[in-house]
């Protein structure tokens with residue numbers, strides 16, 4: 001009996017239906033960008049100083065310039081943590097005293113200004129930036145700066161839990177149903193976050209967004225790879241991720257035009273409601289239907305694809321056997337990811353590589369110092385580096401295969417991290433070049449792990465497998481800031497040494513996986529167990 005790939009060869013592997021579906025699902029990848037990296041703009045922390053009404057009144061009475069006013073608002077240099085003093089403390093002075101004059105009013109209180117006592121900010125902060133962010137609105141600075149870390153950790157926790165839970169549900173109840181549910185919840189929680197009255201409610205709605213948004217992105221990826229034929233599977237996977245990169249570029253422009261976080265959040269969320277129209281545009285995956293022994297519905301979807309592509313179904317292909325493509329059990333289980341030797345090996349290696357890709361990807365961004373101090377330009381430049389990665393994959397993946405470019409990109413990223421340790425600070429241009437090389441290489445690895453993950457699992461646990469393995473990416477996202485900042489306190493280059501070791505190990509482990517170039521998607525457990533022999 002024919003398989004889905006056999007039928008697609010006759011009715012079109014990437015014709016009108018697949019192109020329309022790919023475009024629609026790519027919009028989901030595009031819209032996922034603000035949730036994944038929106039903290040850059042939503043949580044932007046500008047330069048700030050204590051608000052001091054007493055100094056402001058004295059400044060107005062004395063006719064001081066802004067520089068003179070800051071001279072008395074901000075504690076001067078000489079302390080061990082000068083930056084913290086400037087932003088989080090003020091002189092403990094009663095500025096309403098009548099004996100304070102307009103010329104150096106602090107001179108009468110102490111011979112040396114450094115002897116004056118300091119205290120934390122009492123009246124809030126003044127922020128030197130236009131617009132607003134969650135930092136400026138909820139004062140997430142100084143003693144409250146941990147609340148910004150919690151905000152970012154919360155969405156990553158949501159990614160982690162949602163990827164596993166909804167991945168299971170998508171394999172149990174279908175791709176389309178779970179996709180539409182995640183879209184609806186994501187859109188509603190995004191709007192509610194934009195109108196949150198306080199930090200607590202904002203955190204709750206951000207957690208809900210995290211629970212469903214990444215899961216929806218992964219379901220879209222699984223769907224498009226199951227709709228297209230063998231020869232186009234890698235191409236749509238690469239360009240689906242490239243849509244995310246385009247979203248990075250667009251987000252920097254939108255954030256520049258809308259420097260107010262509530263309006264920005266609302267603007268990037270509202271388009272998600274349009275994706276609910278996909279109920280009428282995108283059918284259920286025929287591969288999933290077959291895995292559930294719903295061959296009649298699967299054939300109905302296949303005939304719809306054939307009609308949309310302007311192709312006719314040969315009589316010999318108008319029946320499917322459950323024995324040919326269905327699996328022994330219809331209900332996926334987490335144990336299925338480690339039950340057999342090859343699937344167990346795939347799961348462990350993929351989990352480690354998802355973790356590694358996340359740690360190196362985010363860690364190298366933190367270490368790469370861009371020339372401009374403009375957050376919008378910095379973000380734009382860092383996004384541009386990702387496009388050569390997609391080009392490298394497109395020109396190598398069908399000529400060389402998946403395994404060697406994937407392993408090589410991990411190794412190059414690790415070597416780049418290690419090389420950066422020994423480059424002197426005087427060669428700043430070389431440091432930036434090596435950092436960009438490492439960023440591009442780990443981007444290749446990140447896109448490859450997403451592409452290959454879907455090719456190493458049988459249909460009935462494919463969605464679950466990808467979601468569980470990708471959840472390690474979220475753990476990496478939670479840990480990376482601690483790895484960078486804690487290890488830097490020990491030795492500035494220590495994080496790069498750790499990244500190098502992690503990346504080199506990942507490259508070696510990839511070589512233990514089977515090559516999937518030119519192979520049909522595995523439908524059964526036996527297909528996976530025989531991949532190395534094949």
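Quick reminder: no glycine exception, Cβ is built from N, Cα and C everywhere.
TrEMBL does not curate its annotations; it predicts them automatically.
Per TrEMBL, the feature domain 'Major facilitator superfamily (MFS) profile' maps to 100-518. Annotated transmembrane segment per TrEMBL: 21-44, 150-170, 177-195, 201-224, 236-257, 263-282, 349-367, 379-397, 404-423, 490-513, in sequence order.
Most Cβ pairs under 8 Å with the transmembrane segment (177-195) belong to 263-282, among the candidate stretches 236-257, 263-282, 349-367, 379-397. Beyond its flanks by at least six residues, the transmembrane segment (263-282) meets 20-21, 24-25, 27-28, 31, 34, 38, 41-42, 176, 179-180, 183-184, 186-187, 190-191, 193-194, 223, 251, 254-255 of its own chain at Cβ-Cβ distances under 8 Å. Beyond the transmembrane segment (236-257), the same-chain residues lying 6 or more positions past its ends with a Cβ under 8 Å from any Cβ of the stretch are 14, 18, 22, 25-27, 29-34, 36-38, 40-41, 220-221, 224-225, 228, 264, 267-268, 376-377, 379-380, 382-384, 386-387, 390, 393-394, 397, 447, 450-451, 454.
Highest Cβ pair count under 8 Å relative to the transmembrane segment (490-513), across stretches 201-224, 349-367, 379-397, 404-423: 404-423. Summed and averaged per residue, pLDDT over the domain 'Major facilitator superfamily (MFS) profile' (100-518) gives 84.
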